[in-house]
Amino acid sequence: MSNSNQSVGFEPWLKENPKIMYAAAFMTLLIMCIGIIGNSLTILVILKSPRIRNIASTFIISLGAADLLFCIAVLPFNASRFLNINWVQYPELCSIVPFLQYGNIGVSLLFITMITINRYIMIVHSSLYSIVYRPIWITSMIILCLIISFGMLIPTLLSKWGKFEYDPKLGTCSIVSDEFGQSSKSALLVTGFIIPCIVIVCCYTGIFLVVRNSEKRMRRHQASTQSDPTATNMQSIRRKLSEWRITKMVLAIFLSFVLCYLPITITKTLDPGVQYPALLLIAYIMIYASACFNPIIYVIMNKQYRKAFKSVLNYGCCEKATKRVPVLRSISKRLQPHGNLTSSTVMQTLQTISPG
């Protein structure tokens with residue numbers, strides 16, 4: 001890496017390394033395509049599969065929509081930046097693109113928080129579940145997440161609390177300090193990242209304790225010969241253990257989100273002068289990749305989602321074949337009622353199934 005001992009900035013370093021620049025653009029476009037296909041399929045699968053439609057899936061649809069918006073509205077501009085197409089020269093785009101990017105990051109983590117709280121109430125306080133999760137409250141939670149994430153960025157968009165502007169060291173439009181030296185970055189970090197992470201960690205701690213106690217009670221029950229008096233309790237324990245499987249999937253989504261956004265936080269903190277642009281490039285790619293990880297996690301970690309994805313993907317090519325199966329079975333039954341086949345039976349059967 002040339003000039004690694006001085007503050008060279010991200011964009012000059014890219015221009016000095018065109019192969020890396022084109023590779024970064026290719027990776028961004030590849031992530032964009034995977035994210036668009038994966039998140040679109042996720043939304044379609046949940047809408048078409050009643051077995052996986054529940055309260056948590058409502059937030060998963062919202063999360064998929066947020067990632068889809070990120071892929072469509074943010075990633076193309078970042079790919080063009082790597083190709084040295086300077087959209088950042090346009091003040092409107094230099095405000096709108098980071099506004100959507102920062103807002104999308106916040107709303108994604110808040111949706112993950114809502115899913116985690118849903119899992120917590122389902123497992124730890126199941127008696128309150130039907131009271132808390134009513135349609136009006138679910139809609140209100142989604143709207144509240146959007147208001148918090150994007151609402152906090154409106155003052156910055158209006159240049160009243162920091163401003164969106166091109167940062168030459170980062171090589172992109174970002175939040176920079178205004179003429180009074182103020183910036184909303186610290187408040188956004190606390191409100192949109194640290195607090196949701198604390199809530200998620202607390203919820204998973206409570207879930208883990210309840211599931212561990214349930215497993216202990218399950219083992220004691222299996223070792224005991226008196227099973228009838230505790231049959232109701234055992235059903236509750238099995239239900240909690242079943243919910244834990246879905247909860248582990250949500251935990252994987254949260255951990256992947258943190259792993260994707262941790263590098264950029266560390267890099268900006270430890271290397272504010274961008275002395276190591278390669279590390280910043282890796283951090284950027286990790287952020288972009290977060291938009292396509294969730295559908296992969298759904299397929300890997302949840303059997304019901306795998307079946308639903310297969311069902312939707314096979315629907316078009318197998319629809320005609322499945323429609324012919326009942327007709328063929330009907331023909332078989334009518335042609336061989338007792339193992340005897342006559343010409344009159346054949347004619348009656350063909351007349352029955354004829355479309356005319």
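Including glycine, each Cβ sits where the backbone N, Cα and C put it.
Per TrEMBL, the features are:
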DOMAIN    38-298  domain 'G-protein coupled receptors family 1 profile'
TRANSMEM  20-47  transmembrane segment
TRANSMEM  59-79  transmembrane segment
TRANSMEM  99-124  transmembrane segment
TRANSMEM  136-158  transmembrane segment
TRANSMEM  187-211  transmembrane segment
TRANSMEM  246-266  transmembrane segment
TRANSMEM  278-301  transmembrane segment
- Message: I'm a bit unsure how to read this: which one of 20-47, 59-79, 136-158, 187-211, 278-301 has the highest number of Cβ pairs shorter than 8 Å with the transmembrane segment (246-266)?
- Response: 278-301
- Between the transmembrane segment (187-211) and the stretches 59-79, 136-158, 278-301, the largest tally of CB pairs under 8 Å belongs to 136-158
- Please give the average pLDDT for the domain 'G-protein coupled receptors family 1 profile' (38-298) in this predicted model. 85
